[in-house]
Amino acid sequence: MSSIKIECVLRENCRCGESPVWEEASNSLLFVDIPAKKVCRWDSLSKRVQQVTVDAPVSSVALRQGGGYVATVGTKFCALNWEDQSAVALATVDKDKKNNRFNDGKVDPAGRYFAGTMAEETAPAVLERHQGSLYSLFPDHHVEKYFDQVDISNGLDWSLDHKIFYYIDSLSYSVDAFDYDLQTGKISNRRSIYKLEKEEQIPDGMCIDAEGKLWVACYNGGRVIRLDPETGKRLQTLKLPVVKTTSCCFGGKDYSEMYVTCARDGMDPEDLLQQPEAGGIFKITGLGVKGIPPYPYAG
(Lines of atoms letter the chains of each structure in order from A and count residues from 1; the text may use other names and numbers.)
(Lines give C-alpha, C1' and ligand atoms only; values in the text may rest on other atoms or scores of the structure.)
Protein backbone atom coordinates (compact mmCIF):
# COMPACT_ATOMS: atom_id res chain seq x y z
CA MET A 1 0.00 0.00 0.00
CA SER A 2 1.57 3.29 -1.02
CA SER A 3 1.46 6.05 1.56
CA ILE A 4 -1.66 8.18 1.38
CA LYS A 5 -1.17 11.94 1.20
CA ILE A 6 -3.95 14.46 1.86
CA GLU A 7 -3.30 18.09 0.96
CA CYS A 8 -5.34 21.24 0.45
CA VAL A 9 -4.53 22.29 -3.12
CA LEU A 10 -6.89 25.26 -3.23
CA ARG A 11 -7.90 27.45 -0.30
CA GLU A 12 -11.07 28.69 -1.92
CA ASN A 13 -13.13 29.36 1.26
CA CYS A 14 -16.24 27.89 -0.36
CA ARG A 15 -19.36 28.45 1.72
CA CYS A 16 -20.52 25.06 0.49
CA GLY A 17 -18.20 23.49 -2.09
CA GLU A 18 -19.83 20.60 -3.97
CA SER A 19 -20.01 18.51 -7.14
CA PRO A 20 -16.32 18.04 -8.06
CA VAL A 21 -15.93 16.82 -11.67
CA TRP A 22 -12.67 16.22 -13.51
CA GLU A 23 -12.37 17.63 -17.02
CA GLU A 24 -9.60 15.67 -18.69
CA ALA A 25 -9.42 17.92 -21.79
CA SER A 26 -8.33 20.93 -19.71
CA ASN A 27 -6.64 19.15 -16.77
CA SER A 28 -9.14 20.99 -14.62
CA LEU A 29 -11.41 20.35 -11.67
CA LEU A 30 -14.90 21.77 -11.90
CA PHE A 31 -16.88 22.38 -8.72
CA VAL A 32 -19.63 24.62 -7.38
CA ASP A 33 -20.15 26.82 -4.33
CA ILE A 34 -23.88 26.41 -3.81
CA PRO A 35 -24.94 29.50 -1.80
CA ALA A 36 -22.32 31.73 -3.48
CA LYS A 37 -24.00 30.85 -6.84
CA LYS A 38 -20.62 30.11 -8.42
CA VAL A 39 -19.33 27.47 -10.78
CA CYS A 40 -15.53 27.23 -10.53
CA ARG A 41 -12.86 25.67 -12.73
CA TRP A 42 -9.44 25.06 -11.21
CA ASP A 43 -6.63 24.48 -13.69
CA SER A 44 -4.37 21.88 -12.07
CA LEU A 45 -1.39 22.99 -14.17
CA SER A 46 -1.53 26.79 -13.82
CA LYS A 47 -3.29 26.55 -10.39
CA ARG A 48 -5.63 29.34 -11.53
CA VAL A 49 -9.35 29.43 -10.79
CA GLN A 50 -11.98 30.80 -13.16
CA GLN A 51 -15.57 31.39 -12.08
CA VAL A 52 -19.00 31.86 -13.57
CA THR A 53 -21.65 33.42 -11.32
CA VAL A 54 -25.29 32.48 -11.89
CA ASP A 55 -28.54 33.93 -10.57
CA ALA A 56 -29.55 31.20 -8.10
CA PRO A 57 -27.89 28.57 -5.89
CA VAL A 58 -25.94 26.21 -8.19
CA SER A 59 -25.71 22.70 -6.82
CA SER A 60 -24.06 20.54 -9.48
CA VAL A 61 -22.12 20.81 -12.71
CA ALA A 62 -21.39 18.23 -15.42
CA LEU A 63 -19.60 17.96 -18.74
CA ARG A 64 -21.58 18.24 -21.97
CA GLN A 65 -20.84 16.02 -24.95
CA GLY A 66 -21.04 18.83 -27.48
CA GLY A 67 -18.80 21.11 -25.40
CA GLY A 68 -19.51 23.44 -22.51
CA TYR A 69 -21.28 22.23 -19.39
CA VAL A 70 -24.65 21.63 -17.80
CA ALA A 71 -25.56 22.68 -14.27
CA THR A 72 -28.45 22.59 -11.82
CA VAL A 73 -29.31 26.18 -10.92
CA GLY A 74 -32.19 26.80 -8.52
CA THR A 75 -34.85 24.39 -9.83
CA LYS A 76 -33.59 24.51 -13.41
CA PHE A 77 -31.45 22.19 -15.49
CA CYS A 78 -29.24 24.66 -17.41
CA ALA A 79 -26.76 24.71 -20.27
CA LEU A 80 -23.68 26.60 -19.14
CA ASN A 81 -21.58 28.48 -21.67
CA TRP A 82 -18.20 29.28 -20.15
CA GLU A 83 -17.15 31.72 -22.85
CA ASP A 84 -20.04 34.16 -22.51
CA GLN A 85 -20.79 33.14 -18.90
CA SER A 86 -24.43 32.40 -19.64
CA ALA A 87 -26.75 29.80 -18.14
CA VAL A 88 -29.75 28.92 -20.32
CA ALA A 89 -32.60 26.88 -18.84
CA LEU A 90 -33.27 23.53 -20.52
CA ALA A 91 -36.03 22.45 -18.10
CA THR A 92 -37.59 23.49 -14.78
CA VAL A 93 -38.90 21.23 -11.97
CA ASP A 94 -40.82 21.66 -8.69
CA LYS A 95 -42.70 24.70 -10.01
CA ASP A 96 -45.25 24.33 -7.21
CA LYS A 97 -42.55 24.43 -4.51
CA LYS A 98 -41.13 27.95 -4.34
CA ASN A 99 -38.80 27.06 -1.45
CA ASN A 100 -37.08 24.18 -3.27
CA ARG A 101 -33.78 23.96 -5.07
CA PHE A 102 -31.75 21.26 -6.74
CA ASN A 103 -28.96 19.56 -4.83
CA ASP A 104 -26.46 16.99 -6.10
CA GLY A 105 -26.50 15.79 -9.72
CA LYS A 106 -24.55 13.48 -12.03
CA VAL A 107 -24.74 12.12 -15.58
CA ASP A 108 -25.49 8.44 -16.16
CA PRO A 109 -23.59 6.20 -18.65
CA ALA A 110 -26.22 6.89 -21.34
CA GLY A 111 -25.85 10.67 -21.04
CA ARG A 112 -28.92 11.49 -18.89
CA TYR A 113 -28.44 14.15 -16.18
CA PHE A 114 -29.82 12.92 -12.86
CA ALA A 115 -30.41 15.42 -10.04
CA GLY A 116 -32.66 15.69 -7.02
CA THR A 117 -34.25 18.54 -5.10
CA MET A 118 -34.70 19.58 -1.47
CA ALA A 119 -36.22 22.42 0.51
CA GLU A 120 -33.92 25.39 1.07
CA GLU A 121 -32.15 25.02 4.43
CA THR A 122 -32.65 27.37 7.38
CA ALA A 123 -29.28 26.13 8.71
CA PRO A 124 -26.97 23.39 7.38
CA ALA A 125 -29.00 20.13 7.28
CA VAL A 126 -32.02 21.88 8.88
CA LEU A 127 -34.99 22.10 6.51
CA GLU A 128 -38.61 21.19 5.90
CA ARG A 129 -38.64 17.42 5.43
CA HIS A 130 -39.88 15.30 2.48
CA GLN A 131 -40.10 18.21 0.00
CA GLY A 132 -37.64 16.90 -2.59
CA SER A 133 -37.81 14.57 -5.60
CA LEU A 134 -35.37 12.80 -7.90
CA TYR A 135 -35.39 13.73 -11.60
CA SER A 136 -33.50 13.04 -14.80
CA LEU A 137 -33.00 15.33 -17.78
CA PHE A 138 -32.92 13.17 -20.92
CA PRO A 139 -30.80 14.11 -23.96
CA ASP A 140 -33.94 15.41 -25.73
CA HIS A 141 -34.48 17.79 -22.75
CA HIS A 142 -37.60 16.08 -21.41
CA VAL A 143 -37.59 15.41 -17.67
CA GLU A 144 -38.68 12.29 -15.83
CA LYS A 145 -39.50 12.18 -12.13
CA TYR A 146 -38.63 8.99 -10.25
CA PHE A 147 -39.94 9.53 -6.72
CA ASP A 148 -40.69 12.24 -4.17
CA GLN A 149 -40.71 12.52 -0.34
CA VAL A 150 -36.94 13.15 -0.42
CA ASP A 151 -35.24 15.11 2.38
CA ILE A 152 -31.80 16.01 0.96
CA SER A 153 -31.19 14.44 -2.44
CA ASN A 154 -27.49 13.70 -2.58
CA GLY A 155 -24.72 11.41 -3.83
CA LEU A 156 -25.34 9.30 -6.93
CA ASP A 157 -23.43 6.96 -9.23
CA TRP A 158 -23.75 3.77 -11.30
CA SER A 159 -22.14 0.37 -11.05
CA LEU A 160 -19.43 -0.48 -13.56
CA ASP A 161 -21.78 -2.83 -15.47
CA HIS A 162 -24.44 -0.04 -15.44
CA LYS A 163 -27.03 -2.38 -13.86
CA ILE A 164 -27.20 -0.69 -10.45
CA PHE A 165 -27.89 2.94 -9.54
CA TYR A 166 -26.55 4.09 -6.16
CA TYR A 167 -28.22 6.98 -4.37
CA ILE A 168 -28.16 8.88 -1.06
CA ASP A 169 -30.99 10.74 0.64
CA SER A 170 -28.83 12.26 3.37
CA LEU A 171 -31.21 12.27 6.32
CA SER A 172 -31.93 8.55 5.87
CA TYR A 173 -28.26 7.98 6.86
CA SER A 174 -28.18 5.26 4.23
CA VAL A 175 -26.54 4.48 0.89
CA ASP A 176 -29.22 2.89 -1.30
CA ALA A 177 -29.14 0.81 -4.48
CA PHE A 178 -31.70 0.38 -7.27
CA ASP A 179 -31.81 -1.99 -10.21
CA TYR A 180 -31.08 0.13 -13.29
CA ASP A 181 -32.17 -0.19 -16.90
CA LEU A 182 -29.65 1.74 -18.97
CA GLN A 183 -31.82 1.65 -22.12
CA THR A 184 -34.82 3.35 -20.53
CA GLY A 185 -33.33 5.03 -17.46
CA LYS A 186 -35.87 3.22 -15.27
CA ILE A 187 -35.04 2.35 -11.65
CA SER A 188 -36.62 -0.28 -9.37
CA ASN A 189 -36.15 -2.46 -6.29
CA ARG A 190 -34.77 0.12 -3.82
CA ARG A 191 -32.71 -1.30 -0.96
CA SER A 192 -30.20 -0.06 1.59
CA ILE A 193 -26.64 -1.31 1.15
CA TYR A 194 -24.96 0.62 3.97
CA LYS A 195 -26.18 2.42 7.09
CA LEU A 196 -23.84 5.07 8.41
CA GLU A 197 -22.39 4.75 11.91
CA LYS A 198 -22.88 7.56 14.41
CA GLU A 199 -19.38 9.05 14.05
CA GLU A 200 -19.66 8.96 10.25
CA GLN A 201 -22.47 11.52 10.51
CA ILE A 202 -24.36 12.53 7.32
CA PRO A 203 -23.74 10.83 3.94
CA ASP A 204 -23.24 13.43 1.21
CA GLY A 205 -21.58 13.20 -2.22
CA MET A 206 -20.36 9.90 -3.64
CA CYS A 207 -18.29 8.39 -6.46
CA ILE A 208 -17.29 4.95 -7.68
CA ASP A 209 -13.79 3.62 -8.34
CA ALA A 210 -12.47 1.29 -11.06
CA GLU A 211 -12.92 -1.70 -8.71
CA GLY A 212 -16.63 -0.96 -8.29
CA LYS A 213 -16.32 0.26 -4.71
CA LEU A 214 -18.09 3.42 -3.50
CA TRP A 215 -16.51 6.43 -1.84
CA VAL A 216 -18.86 8.55 0.30
CA ALA A 217 -18.05 11.98 1.75
CA CYS A 218 -19.43 12.31 5.29
CA TYR A 219 -20.74 15.78 6.12
CA ASN A 220 -19.90 16.76 9.73
CA GLY A 221 -17.85 13.54 9.84
CA GLY A 222 -14.64 14.96 8.39
CA ARG A 223 -14.02 11.85 6.33
CA VAL A 224 -14.52 9.93 3.13
CA ILE A 225 -15.35 6.24 3.52
CA ARG A 226 -14.88 3.43 1.01
CA LEU A 227 -17.66 0.87 0.86
CA ASP A 228 -18.13 -2.51 -0.80
CA PRO A 229 -21.68 -2.30 -2.20
CA GLU A 230 -21.90 -6.08 -2.51
CA THR A 231 -21.03 -6.98 1.08
CA GLY A 232 -22.22 -3.74 2.72
CA LYS A 233 -18.87 -3.48 4.54
CA ARG A 234 -16.78 -0.37 5.07
CA LEU A 235 -13.30 -1.01 3.67
CA GLN A 236 -11.44 2.22 4.44
CA THR A 237 -11.76 5.59 6.17
CA LEU A 238 -9.87 8.71 5.07
CA LYS A 239 -9.93 11.44 7.71
CA LEU A 240 -9.53 15.04 6.56
CA PRO A 241 -8.47 18.15 8.54
CA VAL A 242 -11.92 19.67 7.96
CA VAL A 243 -15.26 18.48 9.35
CA LYS A 244 -17.76 19.46 6.66
CA THR A 245 -16.62 17.19 3.83
CA THR A 246 -19.25 17.29 1.09
CA SER A 247 -18.27 15.30 -2.02
CA CYS A 248 -15.49 13.49 -3.86
CA CYS A 249 -14.39 12.50 -7.35
CA PHE A 250 -11.39 10.94 -9.04
CA GLY A 251 -9.24 12.97 -11.42
CA GLY A 252 -5.72 13.87 -12.39
CA LYS A 253 -3.52 11.88 -14.72
CA ASP A 254 -5.13 8.44 -15.20
CA TYR A 255 -7.77 9.25 -12.52
CA SER A 256 -5.49 8.13 -9.69
CA GLU A 257 -6.07 11.23 -7.53
CA MET A 258 -9.13 11.90 -5.42
CA TYR A 259 -10.52 15.42 -5.02
CA VAL A 260 -12.71 16.31 -2.05
CA THR A 261 -14.88 19.41 -1.57
CA CYS A 262 -16.02 20.80 1.77
CA ALA A 263 -18.01 23.62 3.35
CA ARG A 264 -17.57 26.39 5.91
CA ASP A 265 -21.16 27.62 6.30
CA GLY A 266 -22.46 26.87 9.78
CA MET A 267 -19.02 26.95 11.42
CA ASP A 268 -18.34 29.34 14.27
CA PRO A 269 -15.19 31.52 14.41
CA GLU A 270 -13.46 29.07 16.76
CA ASP A 271 -14.07 26.15 14.37
CA LEU A 272 -12.71 28.21 11.50
CA LEU A 273 -9.55 29.01 13.47
CA GLN A 274 -9.02 25.30 14.08
CA GLN A 275 -9.86 24.40 10.48
CA PRO A 276 -8.29 27.15 8.35
CA GLU A 277 -8.65 25.03 5.19
CA ALA A 278 -12.44 24.66 5.57
CA GLY A 279 -14.10 25.40 2.24
CA GLY A 280 -10.98 24.39 0.32
CA ILE A 281 -10.33 21.69 -2.26
CA PHE A 282 -8.35 18.67 -1.10
CA LYS A 283 -6.32 16.25 -3.18
CA ILE A 284 -5.66 12.71 -1.97
CA THR A 285 -2.90 10.64 -3.58
CA GLY A 286 -1.50 7.19 -2.90
CA LEU A 287 -4.86 5.45 -2.64
CA GLY A 288 -3.70 2.61 -4.88
CA VAL A 289 -6.98 2.68 -6.80
CA LYS A 290 -8.19 4.68 -9.78
CA GLY A 291 -11.52 6.19 -10.70
CA ILE A 292 -13.35 6.28 -14.00
CA PRO A 293 -13.93 9.32 -16.24
CA PRO A 294 -17.21 11.22 -15.72
CA TYR A 295 -19.95 10.71 -18.31
CA PRO A 296 -20.95 13.79 -20.35
CA TYR A 297 -24.56 14.90 -20.80
CA ALA A 298 -25.66 13.79 -24.29
CA GLY A 299 -28.16 16.59 -24.99
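Placement of Cβ uses the backbone N, Cα and C atoms for every residue, glycine included.
Heads up, TrEMBL stuff is auto-annotated, nobody curated it.
Note that the structure is a prediction, hence the values are computed from the model and not measured.
If you look up TrEMBL, you'll see 16-263 marked as domain 'SMP-30/Gluconolactonase/LRE-like region'. Under the heading divalent metal cation binding site, TrEMBL lists E18, N154, D204. Here TrEMBL flags R101, N103, E121 as substrate binding site. According to TrEMBL, the active site, proton donor/acceptor annotation covers D204.
Here the features listed in TrEMBL are painted onto the structure.
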residue : record                             : Cβ contacts under 8 Å, 6 or more apart
E18     : divalent metal cation binding site : F31, V32, D33, I34, S59, S60, D104, G205, T246, S247, T261, A263
R101    : substrate binding site             : A56, P57, S59, G74, T75, T117, M118, E120
N103    : substrate binding site             : S59, S60, T72, A115, G116, T117, M118, G132, I152, S153, N154
E121    : substrate binding site             : L127
D204    : divalent metal cation binding site : D104, N154, G155, I168, S170, V216, A217, C218, Y219, T245, T246, S247
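Every protein chain shown contributes to the tally, and the Cβ of N154 (divalent metal cation binding site) ends up with 29 other Cβ atoms within 10 Å. Summary of the divalent metal cation site environment: with the site residues E18, N154, D204 set aside, the chain residues having Cβ atoms within 8 Å of the Cβ mean position are S19, N103, D104, I152, G155, I168, S170, G205, A217, Y219, T246, S247. As a whole-number mean, the pLDDT of the domain 'SMP-30/Gluconolactonase/LRE-like region' (16-263) in this prediction is 97. The maximal spread of the substrate binding site, taken as the longest Cα to Cα distance among R101, N103, E121, is 11 Å. The residues near the substrate site, meaning same-chain residues not in R101, N103, E121 whose C-beta sits within 8 angstroms of the mean position of the site's C-beta atoms, are I34, P57, S59, N100, F102, T117, M118, A119, E120, L127, I152, in sequence order.
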